[in-house]
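Peer 1: Input: one structure, supplied below.
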Amino acid sequence: MTNEEPLPKKVRLSETDFKVMARDELILRWKQYEAYVQALEGKYTDLNSNDVTGLRESEEKLKQQQQESARRENILVMRLATKEQEMQECTTQIQYLKQVQQPSVAQLRSTMVDPAINLFFLKMKGELEQTKDKLEQAQNELSAWKFTPDSQTGKKLMAKCRMLIQENQELGRQLSQGRIAQLEAELALQKKYSEELKSSQDELNDFIIQLDEEVEGMQSTILVLQQQLKETRQQLAQYQQQQSQASAPSTSRTTSSEPVDQAEVTSKDCSRLANGPSNGSSSRQRTSGSGFHREGSTPEDDFPSSSGNGNKASNSSEERTGRGGSSYINPLSAGYESVDSPTGSENSLTHHSNDTDSSHDPQEEKAVSGKGNRTVGSRHVQNGLDSSVNVQGAVL
């Protein structure tokens, strides 16, 4: 019997019904009653089956809860045991401390008999009496200074107190105002000082930038001078080779004129080296070239010549060195050491060439004396170039 089928009605029969009703009707009522009983039994069985499963689940849950509660109980019992043990330990410690803190009669007697403790108690007693006396005196003074609102002394004292309070407030304002003014003045000074520092820093930055530009210019000038010096040395080496090839016992004036032309070329290169990257006028280059024609030449050791010409050259070079060697060395070295800019190098070289032209004699333009002069002048030129290179290296 399913839950969807309606439950049959319960049949109720009394004793009168049994007596009055017919047999067929009684059988029908009995069948209805049996159907009702069967429906109830089916429902009961269904309920019993559901209740059994639910009871089993609930039983398992209860068992788990019982186990969990038993475990918790054990844990709590252990905690309780530990707490009780701790409490016992605490009680024992408390009893021990009480016993320690409660001195015995013997200890009390020993403390009372101790002279140091007796002295300490006597001092405490004296100080207590002094404080009591001071307290009484202060109370008496306080009671003497008490006054009523109508007393003149109280009014005067209150007025004096108000006046003192006002004076204190005014003094505080003055002090605060003076401090603020001082701080403002210091702040203005600091601002002015910071502005001056800023301006000086800007000037220094501009000066440093200018110095960097000048250093770059000097470096480019030095590079050009080094290149020109290298070219000049190469030309001097070529000139020495030509001189060594051309110097022979059968030399004539024609062969001596060729070195003069080569010396002019060398002097032009030297003047260009001294002038640096600046493009000077042709007249200045000619002037400096004539000056270097008398000075710039190769060293004396690189000139192989005959004995006669060598003696003449050595005599003329000694005479030239004795008369104006110092005048050659100082102007030339000074001229090369003063190469700070293209304009300065051009002016110094022009001045040096004018001095050298004015110091020469017309008789020194001879072939033999010219060779000696070129020898000495080449030494001076090399010394001046080396000194100028050293000076520029120190500048870098």
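Each residue, glycine too, has its Cβ placed from N, Cα and C.
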Peer 1: Pick from Thr255, Thr287, Thr343, Thr350: which one does Swiss-Prot list as phosphothreonine?
Peer 2: Thr350
Peer 1: Write down the residue from Ser256, Ser297, Ser317, Ser353 that Swiss-Prot flags as phosphoserine.
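Peer 2: Record lookup in Swiss-Prot returns phosphoserine for Ser297.
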Peer 1: So what sits near Ser14 (phosphoserine) in its own chain, CB-to-CB under 8 Å and at least six residues off in sequence?
Peer 2: none
